[in-house]
Structures are given as C-alpha cells and as structure tokens.
Amino acid sequence: MDLLFPSLVNSFVQAISYGLYIATFSHCLRWLLYDNESWKGRNKLNWPMLTISILVFLLGTAGLGTSFRMTLALHQSDDLLYNTFNTVNSALEYTTFQIVDAVLIYRCWVVYNYSWRVICLPGLFWIAGVILSSYDIYLYSVALNTYDPEAIDKLALLTLHIWNGFFACNIAVNIYATSTIIYRILRVMRISTANTSGWRLSQTCRIVAESGALYTFSTIVNLIATVLLAQDDRFNYFQSAADPLNFSMAGIAFNLILIRVGQQRAARNPVPDSAPSSDANISAIRFRHESTKATESQNPSTL
C-alpha cells in the first residue's frame, strides 16, 4: 500500500494537534513561572514539573519534525530514510507516553501517603510498557538492516501487535491511577466538614477526571485503530490520524492539569508568592493521613 497519502494525513493531523498543544504549553508556563495574579516571576519554581513540561515540549516538537521528514522521504521514494525517521518518531512517542504515565503514577503515590502497595499494579503495567517499547524499537532497528520484503512485512505486523500491548498497558495505568486518585478525593470529601475544603476537593476531582478521560479516550481510539490496521491495510488512514492525536493529547492532558491547578491556586490564594502559602509545590495532590479526626479539614495542597 502506498504510504505517502497516509503520511500526509499523519503530518496534517499532528500539525493541528501540535498547535493545540503549544497553546496549552504556553499557558502552562505562565502558571509555572509567574505569580498568581501578575507577571512577576515566582520566588520558588517547581523545577520538577517545569523540567518535565519542557522535556515533553521538546519531544513533541521533535516528533512533529520527524513526521514532516518522513512524508518528505516518501515523496522522494527514499525508503531507508523513511524507516530511519519512523524509528526515531516511534522512540519519541514511546518516551512521551512513559514520562506522562510516570508522573501520573507519582501523583497517585503521593496522594496515598507514599504507599508503594497502591502503585504496585500500575507500576507493573508501566514496566511492561517500557519492555514492550524497548523491544519494538529494537525490531525497528532490525528492520533497517533487513532487505527481505517478506521478513520486513512480518516485522511490521509484529510491531503493530507490540503497539497493541503497549497501548493496553498505557490504558490500564491511566484508568487505575486516575480512578484511585478520584476515589481518594471523594473519600476525603465525605469526612471533610469545611465547605471551602469540599469545594476545592471537588474541583481537584474534576481536574483529574477531565484530563484523565481526555488522554485515555485518545489512547483507546489509537488502540482500536492499530488493531484494525493489523487486520486490514484500509484502516491506515484511520490509524494515521489517531496516532498523532494521541501523541499530542498526552502532553495536552499533562498541561491542562497544571493550568487548572494554577487557576485554582490563584482563586483561593490571590496573594503573591512572596507571602506565606501552602501551595509550595504543584507536583502532586497531598492529603493528611486518614488517621486525623474526621472533623478536621483535609485539603489538597497541590497537583
């Protein structure tokens, strides 16, 4: 099957979704770098989240560039160059997904007072994803040095099955971590007596649910597209549109959490960063241990 037109679809969709991602990324930087209600720089930056945000941006930008280069290589009928950039593009996507999932697992870990037991299952899925992605990149590298058309077709089909396994692990991590975080929030809300605390918790629950649903839904669509493509090449256009959309949604969902939490922080704490604030870190949602009194307000500090 001619790959040029599906590659054009891939580049077009990725360019559009990248534009949406850039809009959220620039807004995310505003909340990470500046005070709540001004353009004055924050006294204390959240370096972990800032570093990860920039890293995801660099990976997404490189992914867009390789996508365009793949299309150009197909136009020039340079199969070797296309396969090389396809390998690089796959590595960029895998890395982005793994980073975003790792941050989500970390948030779940912090919400449950650093309980390793809670994150054992998503951690295993995450490790399985690392193994599958590493093996897939290895197969891409093998295909670069393979000249037997039949062997190349078998490797291509095997990589699709690996993608399916990776997406299944990715979906499992997102559903589990998002659900457990929301469950924790709702449980704390039931024993919280302060109205303001309940409102903040409900807003936090909404933030996590919206971002998790956005990312998970795009991954499910991508998984369906990949499964269909393994059965019939006619679904190549569908998969070519679903894959870049899912790639960008990982970064968009990550940015939306930081944006919404920054807005929530400004709404309840409009004073500048120079004043004392409980929101010193936006890396995770934190709750007091459940052994505290039920009448005591239990508020999330950050996400």
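For all residues, glycine too, the Cβ spot is worked out from N, Cα and C.
Taken from TrEMBL, the feature transmembrane segment applies to 12-33, 45-68, 88-106, 118-140, 160-186, 207-229, 241-259.
Contact between the transmembrane segment (241-259) and the transmembrane segment (88-106) is supported: at least 3 Cβ pairs lie under 8 Å, counting only residues 6 or more apart in sequence.
Three or more CB pairs closer than 8 A are found between the transmembrane segment (88-106) and the transmembrane segment (160-186), so contact between the two stretches is assigned (pairs 6 or more residues apart).
Below 8 angstroms of C-beta separation, residues 100, 104, 160, 163-164, 167-168, 170-171, 174-175, 177-178, 181-182, 185, 235-236, 238-239, 241-243, 245-246, 249-250, 252-254, 256-257, 260-261, 264, 285, 303 of the same chain, each at least six residues beyond the ends of the transmembrane segment (207-229), sit close to that stretch.
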